[in-house]
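*Asks:* Here it is, the structure, as structure tokens.
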Amino acid sequence: MKVRTTTVAVTAVLALSLAACGSKGSRSTSGADQDQLTIGVSMSLTGSLAREGLLTRSGYEFCQQVINGKGGIPVGDRKVKLNLVFQDDTSSPDTAAQLIDQYNDKGYKLVLSPYGSAATEAAAAVVERNGQVMVDSLGADDTIFEKGYRRTFGVLSPGSEYAASIVEALHDLAKPTPKTVIFLSADDGFSKSVTTGGEKAARGLGMTVLPTQFFPNGASDVSAALSKAKALHPDVIIGSVHFVEGVAIIKQSKELGVRPQGFGETVAPPTPDFPQTLNELAEGVLGSSQWVSSGKGSDKWFGTSADYATAYKAKFGEDAQYHAASASAACLALVMAVEKAHSLQPDAVRDALASLDTPSFFGPIKFDPTGKNVTKQMSVIQIQHGEAVPVWPADVAQKPLIWPGAA
Amino acid sequence: MNAFLQSTVYGLLQGGLLALVAVGFSLVWGVMNVINLAHGAFVVVGAYVAWQLNEWLGLDPFIAMFGSMAFLFVTGYLVQRLLVNLVVNAPVFITLLLTFGLDLLLTNGLIMIYSGNYRAINTSYALKSLALGGVRVPVGRLLGCLLAVACSLLLVSLMKRTRTGLAIAATGMDRGAARLMGIRARHIYALTFGIAAALAGLAGAMLATVGTFSPADASKYTLFSFVIAVLGGLGNMYGALAGGLLLGLVESWAGQYLSGTLVNAVAFGLLVLVLVARPAGLLGRPFYESRLEV
């Protein structure tokens, strides 16, 4: 019995030693061997952001398929295949940061961002400390880029553009032009960035901005904010919100008899769930989108926006949304940087990202010194007959704005 | 004044819905001393069953809710009999772990089946409002609130006037003595769990009618249930109703008169206040007080 116990113990020690050796070995490779580049991704596959996380993962996976389908990334005289490794962060920013740290221990120096601003912000701090490099797909909060980080690059337009683009679209297209606007905002960092940007744009365009009403992030009851808004009789209500609060604004406005000329909301309306959940109540609601399939620009991997949309639908059987497109664009930026750097070393890739200036199916990709992609313009969509139709800016618009927009 | 009345009415209606969510949770905790962390998942399953019946058969949610209740009753009965019963004598920490695991299983199972999309049951009437002076009373929420009151009354009548109800109450007070009186504790526990799950199913159908739902909402409903059960107190079937209405009202007033971001702080501040002033909860019986000390 004693011999058997000793044998088990020794075997266990040996197994642990071997595992440790393996770990050390991979650490020196920067996530890459001769033919493969491993990129770590922490993603909300379960938890409160699972829906958005799964859409984001689809975008990353689609990128991997396209790149590998075309032979891989040219690096010097060889081609390197992409190998994306996903782990579930359960929609928790702390877990996302831990996973990024673990990727570093495994030698994965290049990473793609988790879903959302909170997780991306947590991950960015770890990336900076470890000397990793991260391309951010869907963390739009401006504060991520205001901390002096040098190794995080966001392909998407920053949060401050979300509501501002709706305000500009209304100013350009709505007749009669709305004179008063009220922002109803969730209280998380991203939503507050959105609101601040929207308020600034509205004041700049001569609109009267009524006192903003806040409610907790994720609230399914926004009746108090709507009651206060109702008393102020705004021409337009703009929600700086996520999906749940966005739907609550529309549904509870109906219940409480709040009837402005129109509603604008940031991230909820472009998702197919929005018109499906609200039916005719969704009609006329404006939303801002990072990407639309009628967008301009193309690249050698994905082609045009329309090509991307067609290929995505062929693979997944559903229309591409901006979540997936933004994820694919982040992956694309990393691929382009690796190709440009002729290297898989993180410092070289980081420098290549910083100097990237290229068109793509997602729009132009060019980062300012803080890592924000400031050259890309957001689009504004409106729900018309159950579809999210681009209405602004003019070069991507597919139909004219219907105004007043409230159903 | 109008704003005050509107926020009061809306808060009461919202509170009624919350009470409906919590009443089953409170029942199980009071009778079995099990804090069912999967309760929110049961609510969401109830919403999906009603939604599925609406999609397949076009059933109105006020009819589909019976389907939800039946499905959840059977599920709840079996879950207790085959799973929770294995650890019902164990320390409360073990039942917490088990029901937490069950919650993960159900929530992620729903994500696998339904992909985590947000859904709602749309009806022609739920979002319409009755106008009483300057105050609007949404029909869907009003019906949900009335159902919560009706369920509480039914539950009280079940517990006080039927042999099964008396057996449930007796088992909750002293299982050993109840068994000596010939009560089959295992069956009574499973029945209690089944009733609680059915009530969760009913709440899910109502929530799907007035709002949206997705698997990720499960933890939110469990948290609401916990707060309401503690607020209202255990051992009194009106406890959840009182706790729910109070929570809804306070949240609504806080949103109306303070910054909206303070709503949660005020709600949880109220919880602390009630626990300091009345450790057994608003309507809780002193016998059950010890169960709150977990």
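The backbone N, Cα and C atoms fix where each Cβ goes, glycine too.
From TrEMBL, here are the annotated features:
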type	residues	note
TRANSMEM	B:12-29	transmembrane segment
TRANSMEM	B:34-51	transmembrane segment
TRANSMEM	B:63-80	transmembrane segment
TRANSMEM	B:92-115	transmembrane segment
TRANSMEM	B:135-156	transmembrane segment
TRANSMEM	B:188-211	transmembrane segment
TRANSMEM	B:223-250	transmembrane segment
TRANSMEM	B:257-277	transmembrane segment
*Asks:* Would the transmembrane segment (B:63-80) count as touching the transmembrane segment (B:257-277), if touching means at least three Cβ pairs under 8 Å and pairs must be 6 or more apart in sequence?
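*Replies:* These two stretches do not touch.
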*Asks:* Tell me if the transmembrane segment (B:223-250) touches the transmembrane segment (B:188-211). I count contact as 3 or more CB pairs below 8 A, with pairs 6 or more residues apart.
*Replies:* no
*Asks:* Counting only pairs 6 or more apart in sequence, are there at least 3 Cβ pairs under 8 Å between the transmembrane segment (B:135-156) and the transmembrane segment (B:257-277)?
*Replies:* no
*Asks:* By Cβ distance under 8 Å, which residues at least 6 away from the ends of the transmembrane segment (B:257-277) in the same chain are close to it?
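*Replies:* Same-chain contacts beyond the flanks: 227, 230-231, 246-247, 250-251, 292.
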*Asks:* Counting only residues 6 or more past its boundaries, what in the same chain has a CB within less than 8 Å of a CB in the transmembrane segment (B:12-29)?
*Replies:* 35-36, 39, 42-43, 137-138, 141-142, 144-149, 151-152, 155, 192-193, 195-200, 202-203, 206-207, 210, 221-222, 224-226, 228-229, 232, 234, 237, 239-249, 251-252, 291
